[in-house]
């Protein structure tokens, strides 16, 4: 891949999957902006890219749970944007946590913040002429159709994993709804990076980690045989961001570097993308919900 002259934004690019995505894009010659809550945390990666003679890498402040922060980032952007990788996320907050706007924190960070960022950068993406949005979702969406009636768990018991799945279904539906931008030369696709141990698990308690089989009785964490390294997990993100094989492809869901099969609720086979996450009517409804929520906030 030669991405010389291309400009990319990677949210949550200071560590884990995001850092590996940044490394790959910069190595191909792209100018990469790491959008992160703590820009100083990205400094080692910035210096690493400079020492390697890769594309320019720099960091800017962005808090996806704060609409003002997202708006500030988008307003400050100058020039076209070729690649937007919506990589940042949080998972399984143990207690119901709300933003100052009253939004459930996982939905706010994983979906609403990225929706606000993409819409705020729409003109920059359009001006690139052939831009790509890459959304990192999760297999957690499979059993969780988006709950339009109570997305913030105001009237039902809070469940950390249901909230996470809710946000990840929203991520996939966003890419389906983004087909409205195809005439602007913008494509959007989602992906499941697979099982990987990163800082994403920082809110998961030891009991759950043991139940998942990734922590022993002494508290030692180790991946299971089917777990990927962060570099392996980032491969599909990089494919969607840069491969000419994906020119013009939009509204699809990928895993392991290929388009995933569609599964219906109740399918017990691992992997795939749920039909409820590809529903165009739900995608349009979610787009309207996102726009209304942001305008009210």
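Just so it is clear, glycine is given a Cβ too, placed from its N, Cα and C backbone atoms.
What you see is a predicted model, and the numbers here were worked out from it, not measured in a lab.
Listed in Swiss-Prot:
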ACT_SITE  164  active site, proton acceptor
BINDING   9-33  NAD(+) binding site
BINDING   138  substrate binding site
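Structure coloured by features recorded in Swiss-Prot.
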residue	record	DSSP class
9	NAD(+) binding site	strand
17	NAD(+) binding site	helix
25	NAD(+) binding site	helix
33	NAD(+) binding site	strand
138	substrate binding site	coil
164	active site, proton acceptor	helix
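Considering other CB atoms within 10 Å as the measure, the emptiest surroundings among the binding-site residues 9, 17, 25 are those of 9. Residue 138 (substrate binding site): 23 other CB atoms within 10 A of its CB, across all protein chains. Residue 21 (NAD(+) binding site): 32 other CB atoms within 10 A of its CB, across all protein chains. The separation of residue 164 (active site, proton acceptor) from residue 21 (NAD(+) binding site), Cα to Cα, is 22 Å.
A simple Cβ count within 10 Å picks out one of the binding-site residues 13, 29 as the most packed, and that one is 13. Checked against residue 138 (substrate binding site) by C-alpha proximity, the binding-site residues 9, 17, 29 yield 17 as the nearest. For residue 164 (active site, proton acceptor), the number of other Cβ atoms no farther than 10 Å from its own Cβ, over all displayed protein chains, is 24. Separating the Cα atoms of residue 33 (NAD(+) binding site) and residue 164 (active site, proton acceptor) is a whole-number distance of 26 Å. On a Cα basis, residue 13 (NAD(+) binding site) lies 20 Å away from residue 164 (active site, proton acceptor).
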